[in-house]
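Q: According to TrEMBL, the protein carries these features:
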type: TRANSMEM; residues: 12-31; note: transmembrane segment
type: DOMAIN; residues: 18-467; note: domain 'Major facilitator superfamily (MFS) profile'
type: TRANSMEM; residues: 69-87; note: transmembrane segment
type: TRANSMEM; residues: 99-116; note: transmembrane segment
type: TRANSMEM; residues: 128-146; note: transmembrane segment
type: TRANSMEM; residues: 158-178; note: transmembrane segment
type: TRANSMEM; residues: 190-209; note: transmembrane segment
type: TRANSMEM; residues: 282-304; note: transmembrane segment
type: TRANSMEM; residues: 316-337; note: transmembrane segment
type: TRANSMEM; residues: 344-363; note: transmembrane segment
type: TRANSMEM; residues: 375-401; note: transmembrane segment
type: TRANSMEM; residues: 413-436; note: transmembrane segment
type: TRANSMEM; residues: 442-463; note: transmembrane segment
Amino acid sequence: MALFYAQGVPIGFIAIMLAVLASMGGFIFGYDTGQISDILLMDDFLLRFAQCSTPGDVGTCNFSIVREGLIVALLSIGTLIGALLGARVADVLGRRRAMSAECVIFIVGVIVQITAEHAWAQFAVGRLISGLGVGALSAAVPMYQAETAPPQIRGTLTATYQLFITFGILVAYCISIGTRNVSGSGSWRIVVGIGILWALILGIGILFMPESPRWLAKKGRFEEAKVALARSRGIPTHEADDNFKVHRELTDMRTAIEHESAIQATWADCFRPQNKQLYRTLLGMTLQMFQQLTGANYFFYYGASVFKSVGIQDSFVTQIILGAVNFGCTFGGMYVMEKFGRRYPLIIGGVWQSIWLFVFAAAGTAKDPTQNKGIGILMLVSACLFIFGYAMTWAPGIWILTGETFPTRTRSMQAALAAASNWTWNFLLAFFTPFITRAIAFRYGFVFAACNLTGAVIVYFFLYESSDLSLESVDMMYCDPSCKPWTSRNWAPEGFSSRAELVEQSKAAEAGKGFAGDEESRIEHKNVIANGDEDGVKEVNGNVKGTNGFANEKMRDEDEDVAKVIRPTQSRGAASVLIVIYYPHG
């Protein structure tokens, strides 16, 4: 049953729930990211794991740069390895069971951390193990969401992964401020241990969601894929056999998979120039790299230390302010990425972020913020405005693109490489930031400002606009030699003059319970022949032919239904195409 309609397409409860539950993978990562910033400042944690010149006196305890960097950054090493292994695991076990298995790995890592007594290396290794699970989830979750979500809201649902990352960060900050005055090891063990709850919610809950229909179809389980499609589209499963939208999507999947299965996909295929495979692999890895180089994790990993250094008394509260801005603005980001596409928000966001990082760095460099309260406030405000732009654009946008840029045959491997790029740079920044800030202090912000501008330029010249297209059509767009990144916003599948026309006809088709010229119902099969006559439909062997024959069988079954040709066009290859609207009388 549909909860609401998006662009005229019914959206069911399951579509929303699969996005929310799968996004718990992002929540787990956000929670793990947010907790470490505050834990590093907790008294009991310092007494147990830092270097103290006077044992038992927390005022004499400090982490060396190397020790602090390893405790923070080993999570990222684990996520890097997990992201690379996660692609194969998701292909073998299926998207859902892979996520459940990865939650178990995360829980093991949490147990290792909370059982550490005085060995900082044990705590760091526990973060490494947890990272294996988080990294594998970062490859599986966006891929599962993109493959399962209806195209009309794919961007929004995939963006929930980033939304939940920000929510996890905020929750970690709130729990940390609540436990910081707890005596003994409970101050940090409670914060870390609660992570087990989030993993249980995801690991168990995801098993009640439908499997990815594209994974099922790839395994030849088309009946199960049909049911999964129906559930995620808000269509009762007993109506799946009679629903033209389900048949249409399933036929598109079957055709794409049959074409791709002729050649067994390997990791080497991700780096072949044909069909812009190498181009897309490098683009995905580059965009993930620049998401890290925006500088957001500079604040999330070391924010409490940063704002303590600018003279703000309660840096825990400052972290909550940043976390709240990050979380709240990500809701706006979900709207922005769906409304304005992918390219414009990323370009504008990159410029906006660069401006405020420049202000942050210039203010901190011009005067000592510990001696000038006004400078400290300006730096906090500029950090909030930077996070505002990041949460609205680069934070959700890059994860959306990771799920929708690659073809089905190599999607899991290319998504894993993109995620691995993210985690590699996550580690480099987490480990080396203490060294860099000690050397150049707040001038570090100038480096991130330059990286944001560079990212905006890369988006303009290399990223194709993929909003409102099915995953199969995104692949066609990248393979179209006449389409350039800066003109891709106007690209549409054969039979449409523009992307806007595709959306409008999709709405009209759904409103009429038939199918018009939207990109998923276009007729591309070479066995469909038209004579180009807009006054009638040419019959082949006495029957009107369609994408999968389903709509036409239905037209033949209902005597009063009529078919109207709205546009003959030319398909890829030489065959002409009919685009038909099915009108039931009354």
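Placed from the backbone N, Cα and C atoms, the Cβ positions cover glycine too.
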Q: Could you tell me whether the transmembrane segment (12-31) and the transmembrane segment (190-209) are in contact, taking contact to mean 3+ Cβ pairs under 8 Å with a sequence separation of 6 or more?
A: yes
Q: Which sequence positions outside the transmembrane segment (442-463), separated from its termini by at least 6 residues, show Cβ-Cβ distances below 8 Å to it?
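A: Residues 279, 283, 286-287, 290-291, 293-295, 298, 342-343, 346-351, 353-355, 357-358, 360-365, 369, 379, 394, 401, 433, 436, 485-486.
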Q: If you average per-residue pLDDT over the domain 'Major facilitator superfamily (MFS) profile' (18-467), what number do you get?
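A: It averages 88.
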Q: Which residues of the same chain, at least 6 past either end of the transmembrane segment (344-363), have a Cβ under 8 Å from a Cβ in it?
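A: The answer is 294-295, 333, 336-337, 369, 375, 378-379, 382-383, 385-386, 389-390, 392-394, 397-398, 442-446, 448-450, 452-453, 455-456, 459-460, 463.
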Q: Could you tell me what the rest of the chain brings near the transmembrane segment (413-436), counting residues at least six beyond its ends with Cβ under 8 Å?
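A: Counting only partners 6 or more residues beyond its ends, the transmembrane segment (413-436) has Cβ contacts under 8 Å with 65, 68-70, 72-73, 75-77, 79-80, 82-84, 86-87, 131, 135, 138-139, 142-143, 265, 267, 269-270, 277, 280-281, 284-289, 291-293, 297-298, 301-302, 402-403, 405-406, 444.
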Q: Other than its close neighbours in sequence, what residues sit by the transmembrane segment (128-146), given a CB gap under 8 Å and a spacing of at least six beyond its ends?
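A: For the transmembrane segment (128-146), the nonlocal Cβ contacts are 18-19, 22-23, 25-26, 28-29, 32, 74-87, 89-90, 95-96, 98-99, 102-110, 112-113, 154, 157-158, 160-161, 195, 199, 202, 212, 399-400, 402-404, 411-412, 415-416, 419-420, 422-423, 471.
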Q: Which listed range (12-31, 69-87, 99-116, 282-304, 375-401) shows the maximal number of Cβ pairs under 8 Å with respect to the transmembrane segment (158-178)?
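A: Between the stretches 12-31, 69-87, 99-116, 282-304, 375-401, 12-31 has the largest tally.
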Q: For the transmembrane segment (69-87), find every same-chain residue at least 6 residues outside the stretch whose CB is under 8 Å from a CB in it, and list them.
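A: Those are 29, 32-33, 36, 40, 49, 63, 98, 102, 105, 109, 120, 123-125, 127-140, 301-302, 412-413, 415-417, 419-420, 422-424, 426-427, 430-435, in sequence order.
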